[in-house]
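Encoded as structure tokens, the structure appears first; notes follow it.
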Amino acid sequence: MADREMAAFGAGAPFLRKSEKERLEAQTRPFDLKKDVFVPDDKEEFVKAKIVSREGGKVTAETENGKTVTVKEDQVMQQNPPKFDKIEDMAMLTFLHEPAVLYNLKERYASWMIYTYSGLFCVTVNPYKWLPVYNAQVVAAYRGKKRSEAPPHIFSISDNAYQYMLTDRENQSILITGESGAGKTVNTKRVIQYFAVIAAIGDRSKKDQTPGKGTLEDQIIQANPALEAFGNAKTVRNDNSSRFGKFIRIHFGATGKLASADIETYLLEKSRVIFQLKAERDYHIFYQILSNKKPELLDMLLITNNPYDYAFFSQGETTVASIDDSEEHMATDSAFDVLGFTPEEKNSIYKLTGAIMHFGNMKFKQKQREEQAEPDGTEEADKSAYLMGLNSADLLKGLCHPRVKVGNEYVTKGQNVQQVAYAIGALAKSVYEKMFNWMVTRINATLETKQPRQYFIGVLDIAGFEIFDFNSFEQLCINFTNEKLQQFFNHHMFVLEQEEYKKEGIEWTFIDFGMDLQACIDLIEKPMGIMSILEEECMFPKATDMTFKAKLYDNHLGKSNNFQKPRNIKGKQEAHFSLIHYAGTVDYNILGWLQKNKDPLNETVVGLYQKSSLKLLSNLFANYAGADAPVDKGKGKAKKGSSFQTVSALHRENLNKLMTNLRSTHPHFVRCIIPNETKSPGVMDNPLVMHQLRCNGVLEGIRICRKGFPNRILYGDFRQRYRILNPAAIPEGQFIDSRKGAEKLLGSLDIDHNQYKFGHTKVFFKAGLLGLLEEMRDERLSRIITRIQAQSRGVLSRMEFKKLLERRDSLLIIQWNIRAFMGVKNWPWMKLYFKIKPLLKSAETEKEMANMKEEFGRVKDALEKSEARRKELEEKMVSLLQEKNDLQLQVQAEQDNLADAEERCDQLIKNKIQLEAKVKEMTERLEDEEEMNAELTAKKRKLEDECSELKRDIDDLELTLAKVEKEKHATENKVKNLTEEMAGLDEIIVKLTKEKKALQEAHQQALDDLQAEEDKVNTLTKAKVKLEQQVDDLEGSLDQDKKVRMDLERAKRKLEGDLKLTQESIMDLENDKQQLDERLKKKDFELNALNARIEDEQALGSQLQKKLKELQARIEELEEELEAERTARAKVEKLRSDLSRELEEISERLEEAGGATSVQIEMNKKREAEFQKMRRDLEEATLQHEATAAALRKKHADSVAELGEQIDNLQRVKQKLEKEKSEFKLELDDVTSNMEQIIKAKANLEKMCRTLEDQMNEHRSKAEETQRSVNDLTRQRAKLQTENGELSRQLDEKEALISQLTRGKLTYTQQLEDLKRQLEEEVKAKNALAHALQSARHDCDLLREQYEEETEAKAELQRVLSKANSEVAQWRTKYETDAIQRTEELEEAKKKLAQRLQDAEEAVEAVNAKCSSLEKTKHRLQNEIEDLMVDVERSNAAAAALDKKQRNFDKILVEWKQKYEESQSELESSQKEARSLSTELFKLKNAYEESLEHLETFKRENKNLQEEISDLTEQLGSTGKSIHELEKIRKQLEAEKLELQSALEEAEASLEHEEGKILRAQLEFNQIKAEIERKLAEKDEEMEQAKRNHLRVVDSLQTSLDAETRSRNEALRVKKKMEGDLNEMEIQLSHANRMAAEAQKQVKSLQSLLKDTQIQLDDAVRANDDLKENIAIVERRNNLLQAELEELRAVVEQTERSRKLAEQELIETSERVQLLHSQNTSLINQKKKMDADLSQLQTEVEEAVQECRNAEEKAKKAITDAAMMAEELKKEQDTSAHLERMKNNMEQTIKDLQHRLDEAEQIALKGGKKQLQKLEARVRELENELEAEQKRNAESVKGMRKSERRIKELTYQTEEDRKNLLRLQDLVDKLQLKVKAYKRQAEEAEEQANTNLSKFRKVQHELDEAEERADIAESQVNKLRAKSRDIGAKGLNEE
């Protein structure tokens, strides 16, 4: 990446990559590969040095510091060449060893480049200063960049993970490890920041956020401050050290947008809560609270702002310079707000934190003479108990005297001070840990959104390997975790290496380096390993650390190589055993391991926590079960509670979960390194860094790299860089493939040829070989440079010598000139010349000056003009520049808009494809959903049956209540009789009072009477006491009666509530069903099918609505019954008060009477016993009803869970199908690419054919030139023979051409047959797949039948169970009716009933077991069905692929048909040529006949000549020789004549043979043409049939849509009737629905318009195809014309005929052109019409969008109204709570008054009756007030329920409206897509029309040129004719 490219990174560029200048300087640095080395050093680990000498296996070297050292040769390690200085990926180092890695990191760190790659790792060094490499500019620069395209950075790792997730559709993980202070937390924050920026959900998240909460991105980012406050602390190395590990999963949607997040935590250092080292401090939250930023918090927690007041937090430092605790506290508090914590939750967290502070200050002392602790002051205990919601005395008692279970009894145990202190520390740690885990769970709940999520990226921030002087249990857990992670890395790394080798085709034996660490892992985690032995020892009560050590030694010492006995060194902590880890040997001290692993708590205090009034604390310990947790009845073994699980077991469980998560992801590794322990920026401590490199696996990774081929270079780069080693191997100017060149080059070098391998694209090197090649290259370069220097020096010296020679020559010339001048200077003429010469020059200079002045004036004027012109131009230029900039901005904006539009278009096309695929999937899933629908209806029927059973139970209860009321009336009658008897007694009491008064008057008269009266008073007091007891008993019996009544009412309310719950669940199921129906309707609407099923669903919906009405009516009836019950209860209460009042009056009378009847007491006791029996029976009945209701609820929950699992399974199937779809897409792309290659190859062959035809035409033209020599026939008769030979050769060529054409035809037919055969095979394969699919479906049906049988069996079992329950109910009713009459039989029946109940419970358990087995079989069958469905999907996909192949073969057939037509046209042209040849033959025949006539004339002339010769022979005997020669000529001519005759006969025979061939070809052509026409007709019929079918489907869909709208309107009307209370809101919603219906109508109209436009487009496309065919015909005819024109040059007559034909064809083409023009104009008109339609569609779409927005606004208003109603509901709840509080106060006052009443009764003994009556009146008033308050409370509860129901209905309605709006939006988007597609098609049609016009113009132009050439040829032929005539005439004259 060049410097200009690095400019994108802004100010961070210098901190990320070296500049080009630095790289050049580094490469030119002097370097000697043999001498420059690393040597070991005690302080610095390794130092750079130069070798001085080598002797006897030892090396002497001089270090950089000038120090001379001698070391062994195997300790010396070579340095890397300067090319590798500050390399970004250390795996590319040619010498890959520890010092090379160390110095590369050190040099990069010195340049502040803190990120470096090491193979798969990214190593980061903590800079201890701020660097500008995390800003928004850097984030933008890394976005979308590959790893190789950008410098190393945590953003690059994050972006690669994000891109891999989107492209590979696989979960990713980023593993960030390192020591404390290395920067893990900061890098984790940066990763989260990067994802929050690039994958933000944007506006949607802002709309969705609730008031007070942030967006999802804010919440993810703000989770860190909250967790850091409670999980981070200051350590020696780091001011903000994370004392826990975390795995943050960030979930994304299918498009890569943020969906949700969750956090898992590991190994929180809870010991820090109570203990810190001197240089460290506790968790930040304690000091943040003490910072006094929120004073009200200090008051609430009862603490001061001085940390030293609290023992737990003042053991180390209390302030940190780099942290502002007050600001951090505000950040923590605001983070809680953003994360949605309620004020109650925040206060609970702060209270528990404050309680831990006070825990540390609790003091205890030893009791005298006892080993027993007691509190030393209770102030701190009171504070902590108050904050925790506990009783202080109970807390102290639990700490000092805990209860311990011994056998089956609990015993109080004494604790000493040390044990109490340990218990306090353990409780504080446990509270803090559980609170931290609760916070993580609460944050996860906030980050869990309801948005769909597809993939996640996990970020693991966990402590690295630890080797300290004192290593304990915590270090073992951390090191074990890192051992597992390192094994995971090793395995993953070499799996990737192997994949690379496999991809490159390199032979490689796989070595699983993950197994190297298996021995150590097994030693720790396997059975009888360290962890299992530790857990085993924890179970034994007498086990100690030493017994644990002994067991370890017995099992592992000497048996495992990784387990060793340590060597203890003085001054260091004692170690008990050593483990050999991958990072080194670690000595472990086992003191306190058993205690740490068990981590016991004071269970008495934990029990107090569980009962705490602080809700958070009780929730934290709600699931805690100690060591004595009870055994589960259903299982054989005891199972401890989750809270008592050992630390090691819990850690292993969490670690296994983490490893499972990581294995399911694609990992990325980041290793953080701390450079020094002083936190100094830029300083690197070499031993510390080397220790970390060993610990974090970087050197382990390098070790693995060295086993393979760590260095690899692309062939092109290798050839370019190392060609210099042997240029002869790759010659210049000769093209050689890069791989072959690299093979030749490496083969020619003197190196070990086993050290490299050749891949497909790269050459791979073992470690060190590349350095050797670099050394050879440097040597070669030095030799070349030396040679260049020598040559350049020679050239320079030669140039210098040449200059010296030139100087010498010039000196000689100057000397000669001076000598000549000295010889002539004294001549008189010369002197005269010297005088005149200056004068001449002065005159000339004056003229020149004058001219120059004039010129200066002109130039000055011109300059002024040019200046003015320049200014004008500059002004113009400025304005033009401004315009240019404006235009550029406009162009840029247009380009951006265009790019955005293209992106949107591409995205929409992709979405369309995905939606089409989803539509296909949904059609296949439709049947499954219908089956699920049927199952739901069956379950609904079952629930209805259960509801009816519950109603029957309620009726039974009501009957029992009626019986109880009757009995009560009977008792009331008895009470009335008693009152009548009491009235008689009252009269007696009146008489007695009179006598008493008389006695009192005579009191003074007689002391004896007084004594008697005193005795009477004593007896009366005794009677009063007895009567009071009786009254108390009666009141107790009344209270019990009241309680029974209350219990019955409570049971009734509970049953009514359960009934409501079941009804609500039914309503929810019905709502879910309606949603499923709507989805089905939507899918039917999209798929254009299944109209009948939709009507069924609508009928079912109407039935459900009827049922809903019935249920609502039933609810109203129940509410009325409840009201009646309440009124009856009020009457009973009133009656009770009257009775109590009457009883009190009776008691007063009895008191005075002093008598009591034992009979009444016995009757009261009997009644009381009967009431108690009835109460017990009713309680049993209510318990059983509650059990049945709970069972029903459980069944309902199970059914809901099953539905959820089925939905999850369907989603998984969907994901699998999408994956297979993408794979098939890839296969299809491969096939299409192969087809394109075949088409290209075919085009190349056609080009070759054309070139051959051109060559043939050239040969023809040459042949024609040879034919011109025919004109010399008149002069030489011998040329006839050559002309005949030329003609025969042409005939042979034509024969060859015809045979070639026939061969091509045969090959084409053969290929056509092959294609047909392939098509038949594909059809057979498709049929086979269809058969397999049918068989799979058959198997699926069988499995479904089996499943149905199982469900029927389950239903039968449930029926048996219900029967048993009914029998139980019958026995119970029987027992209740006969209870009063037969007590003995009742007891026996009770025993039998108990036995029957036990049997029934056993039967229920058996049934449940069978149900669970049936559920398992059901799940198994479901899985098999899913597998079968997957097979079906695959077979469907294969069938679809076969269909695609068939379509491709159809296309190929069409292409072959076109080729056949072309061959047919060529055949026609060959026929024409044959005809022309026949005409030429005819001409030749004529010429031959003429030649015969000439021959006869020649014979005659010959005879005449012979006669003359004979005459001459007689005269001249000497002329014999000439006669003999003439005779020879004659013989030759005769032979030539014979040859010509034979040639002519052969030509005639060949012509006849060719004519026969042509006839046969014509017949075959006619047959094939007829067959093709027949097939085309069949195809047209099929197309028409399909079109008709589609139209029928569209009509059916239209009808279904109308039915749907009608049913929707009907449903809306029903809703209007049901929602009478919300008329205004319903009006708005119905208006929105009407708008939606109008939008649907508009959509229909748009669809019809789109169909019309589609038809028009199809017509246009067809017209366009016709145009193309016409143009192809014109082009072919043009070729024919050219061929005929070339033939015209040879034969003039043929030229004239062809010209006539051309004129005819020209007329035809002109007519066709006119047709084309007309078609083009019609196309343009259609385009205009389509544009108008498109604009209309766009306006309509915009209107629909506007209507959607209006509907959205109305929905928002509805939501605000719902929120207002929710507020009203909250107010109602507050008022009800207030009334409840008032009720409690009233009850308290009643109790007080009762107490006062008792006191008043005692006072009444002394004569205070009036006061008692007043108090009773007051009590009655208070009871009336209480009844009124209870009525009001009941009314408010009723109103609250109504409002809750109304809110639910409103939310449901708003949800429905939102779904409608979403559907409308989808429709609008689809319409816009179609509109764009039609636009694009129209534009393409216009472009094609324009191209056709241009082609037509081109053809017309070529035709004109052809005509011109024909005219020229005709003129040339005429000239040749004239010439031939002249030559013939001349020849005749000469003869």
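Positions of Cβ are set from backbone N, Cα and C atoms, glycine also.
Keep in mind it's a predicted model, so treat the numbers as computed, not measured.
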Among Ser1222, Ser1510, Ser1836, residue with annotation phosphoserine (source: Swiss-Prot): Ser1510
Range among 307-321, 757-771, 1357-1371 that Swiss-Prot annotates as region 'Actin-binding': 757-771
DSSP helix/strand/coil residue counts for the domain 'IQ' (781-810): 30 helix, 0 strand, 0 coil
Least Cβ-crowded entry, counting other Cβ within 10 Å, from the recorded positions listed as Thr185, Thr378: Thr378
Local backbone state of Thr185 (ATP binding site), from DSSP in three classes: helix
Lys184 (ATP binding site) to Lys129 (N6,N6,N6-trimethyllysine) - Cα separation in whole Å: 15
Position of peak Cβ density within 10 Å, selected from the binding-site residues Gly178, Gly181: Gly178
Cβ-centroid neighbours of ATP site Gly178, Glu179, Ser180, Gly181, Ala182, Gly183, Lys184, Thr185, 8 Å, sequence order: Asn126, Arg237, Asn238, Ser241, Ser242, Gly464, Cys672, Ile674
DSSP state at Gly178 (ATP binding site), helix/strand/coil: strand
Number of other Cβ atoms within 10 Å of the Cβ of Lys184 (ATP binding site) across all protein chains: 28
Least buried by Cβ count (within 10 Å) of the recorded positions Lys129, Glu179, Ser180, Ala182, Gly183: Lys129
Integer Cα-Cα distance in angstrom, Thr378 (phosphothreonine) to Lys129 (N6,N6,N6-trimethyllysine): 49
Between Thr185 (ATP binding site) and Lys129 (N6,N6,N6-trimethyllysine), the C-alpha gap once rounded to whole angstrom: 15
Model confidence over the domain 'IQ' (781-810), averaged pLDDT: 93
Pairwise Cα distance for Ala182 (ATP binding site)/Lys129 (N6,N6,N6-trimethyllysine) [Å, integer]: 13
Nearest-integer angstrom distance between the alpha carbons (Cα) of Gly181 (ATP binding site) and Lys129 (N6,N6,N6-trimethyllysine): 13
